[in-house]
């Protein structure tokens, strides 16, 4: 995996997690007041998501640096990466807890899986391997 995959995944997860939460919340309570209230919270949710996700992504970057020279199949690397992010999301929401923590964890998890599966990761391979 390259660094742009990790950074792109992080940004996409931060943007899509609150959006999925807002969409899910408006489906259950579709009043106009509620929709605009959630949209007002969107920037704050991104900032808080960024702050709470820093430890997870620092560990991911450390693991990436330590295993960068290893010949790891890209499918296994992406699966490990997504799994590690999901563990980080659920651990963080368990620590902070609260009334909406389950819904937020589900929203960020869906965003992380979608971003991980569909975001292209160009794995570096030498010409000899091809």
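Glycine is no exception: its Cβ is also placed from the backbone N, Cα and C atoms.
What TrEMBL lists as transmembrane segment is 45-67 (among others).
The transmembrane segment feature in TrEMBL is assigned to 79-98 (among others). For the transmembrane segment (79-98), the residues of the chain that approach it from at least six positions outside its boundaries are 1, 6, 9, 13, 52-53, 55-57, 59-60, 63, 104-105, 108-109, 112-113, 116-117, judged by C-beta separation under 8 angstroms.
The feature transmembrane segment is assigned by TrEMBL to 104-123 (among others).
Here the transmembrane segment (45-67) has Cβ contacts under 8 Å with residues 1, 3, 6, 10, 13-15, 17-18, 21, 81, 84-85, 88-89, 92, 96, 108 of the same chain, all six or more residues outside its ends.
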